[in-house]
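Visitor: Have a look at this one.
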C-alpha cells in the first residue's frame, strides 16, 4: 500500500517514507538500522583519510556509479591569483601547500579508485551542494551523504541528505551503506506569505534566531506550509542548507510540481516512461494525513523582515530595522555571557542601529546563496549603482555552469560595472581555507551560512545576510536593505 508501512498501516511522514525505503537491515532494538545510500558526494577536505583506509584494507569503492567528487573548498577563485589562467580558469598551481596537496590527493585517489571527478576547469565543477542538484543527480526520495555539514541542502528536493564524518565516508565508499539510528522528526510549518523584499535567507535566519542553534536537536526537519510551497527550488535549497545551523540532522521539503519542473531535462534526470514512473513515485512521498511528528513549530512568514546576524553564531540575529542588543537584556546567564563575548569579538556597541554598522567586504556566494537566482537577486539591486568607496564586493558563482549562465544573461557586466569582482566558482570566502579571506578586524556582509569567530579569516567579523541585503550593503557601505536605496 502506497504511503503506509506494510506492517502497521500507520500514516508516515516524508522522512519516515524515505528512511523505510532504504533500510537494508533492521537491527535489534536500540541498534542502528543499515541504510542504503543512493548518492555519495566527495570533496578534497574530508576524503583523503577515507581513501587511505580503503587502500590499507585492500578494498575498492563498491559503487563508483553512485559516487561523485569535485574540488571546491580549497580552490582559488580570483583572476589575480597565479593559480589561474585568465582565459579558461584552469588550475595551474596553488601556492598554499596544504590546499595544493588536498586537491592533488583527491585527483590521485579518484584516478586510482575509478571515481568520477569534476576538477577545476571542468564545465560541471563547482561547490558540491550546487552541482548535485544542477546536474540532476539530486532527486526526490534518495538518500544522499557527503563529508560536509551542509549536505542537507539536497533535502530541498525531497531527499534525505545529511553530512557524515570521515570514518563514515570510508564506510560508504566500501559498502554503499551506512549504520544510522532513526532520528526524531519535526515539522516547521510556515504560514502566510513572505513580503516583497524578504527572502528565504531571511526566513531561515529568523527561524534559527527564534529557536536557537540547538532548536533542531538532531531531528529530521520537514519544512512545509504556504510560504515554503511558494519558494523556488533555489530558495528551498537555502532553507534546507542551513538546517544544521540550528542543530537539525537534515532538512526536507516534499517534492511537488516546482521540484519536477526544476529537475526535468537535467543531465541525470530520467527520460520518457522512466520519468513518468519516477514522478508517480515521487508524488507518493508527501507526508500522509494524520502522520505524527515528534515536534511541531509554526512560523508566520508575513511577520518576517530583512534579517542579519550580529554575533558569532547563526542564532544571534535580528531584524535589520533593529539595534545591536544589550547583553543585559538576556535573562539567561549563559546567553548573556555569549552575547557579551560575541559583541566584544564583533566590535559592536549595544544600542547602535544596525544600519549604522559599516562593512569592509561584501561576499555573494557559497552553497547557501551562490546559485543563479541568488546572483540575479543581487544584480537586480545593484544594477546601475556603484559599490561604495572603501568596500570590496566579491561575486563568486557556486559552479562553473552558474557562472556561464550568469554571463549569458549579462549579470557579470552589471557587477563589474558596479565595481564588484566577478570570480570563478568555489566555496571562496565562506570559509578560510583558500585565498579569499578577511583580514583581522575586517567586517563582512556575507551570504554564507556561518559566522563563527575566524570562519572567514582570523579576526574577521561576519554578518550573515541575504543576496538582496548584501547588494544594498555594498552600495551604502553600511548594513542596508534594498528599500534604503
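Don't overthink the numbers, they just go from 1 along the chain as shown.
Glycine residues also receive a Cβ, built from the backbone N, Cα and C atoms like all the rest.
It should be emphasised that the depicted structure is a prediction, and the values quoted were computed from it without experimental measurement.
From Swiss-Prot, for reference:
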BINDING   367, 427, 430  [4Fe-4S] cluster binding site
COMPBIAS  439-451  compositional bias 'Polar residues'
REGION    439-462  region 'Disordered'
Visitor: Within the chain of residue 367 ([4Fe-4S] cluster binding site), which residues six or more apart in sequence place their C-beta under 8 angstroms from its C-beta?
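Guide: Result: 127, 128, 129, 130, 150, 153, 241, 398, 427, 430, 449.
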Visitor: Can you name every residue in this chain, apart from 367, 427, 430, with its Cβ inside 8 Å of the center of the Cβ atoms of the recorded [4Fe-4S] cluster site?
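Guide: Nearby residues not in the site list: 72, 73, 127, 129, 150, 365, 366, 368, 370, 398, 426, 428, 431, 448, 449.
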Visitor: When a 10 Å sphere is centred on the Cβ of residue 430 ([4Fe-4S] cluster binding site), how many other Cβ atoms does it contain?
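Guide: Other Cβ atoms within 10 Å of residue 430 ([4Fe-4S] cluster binding site): 29.
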Visitor: Where does residue 367 ([4Fe-4S] cluster binding site) sit by DSSP, helix, strand or coil?
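Guide: Assignment for residue 367 ([4Fe-4S] cluster binding site) reads helix.
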Visitor: By DSSP, how many residues in the region 'Disordered' (439-462) are helix, how many strand, and how many coil?
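Guide: Counting residues by DSSP class gives 0 helix, 6 strand, 18 coil.
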Visitor: Over all shown protein chains, what is the count of other CB atoms within 10 A of the CB belonging to residue 427 ([4Fe-4S] cluster binding site)?
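Guide: The answer is 30.
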Visitor: Please state whether DSSP places residue 427 ([4Fe-4S] cluster binding site) in a helix, a strand or coil.
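Guide: Once the DSSP labels are grouped into three classes, residue 427 ([4Fe-4S] cluster binding site) ends up as coil.
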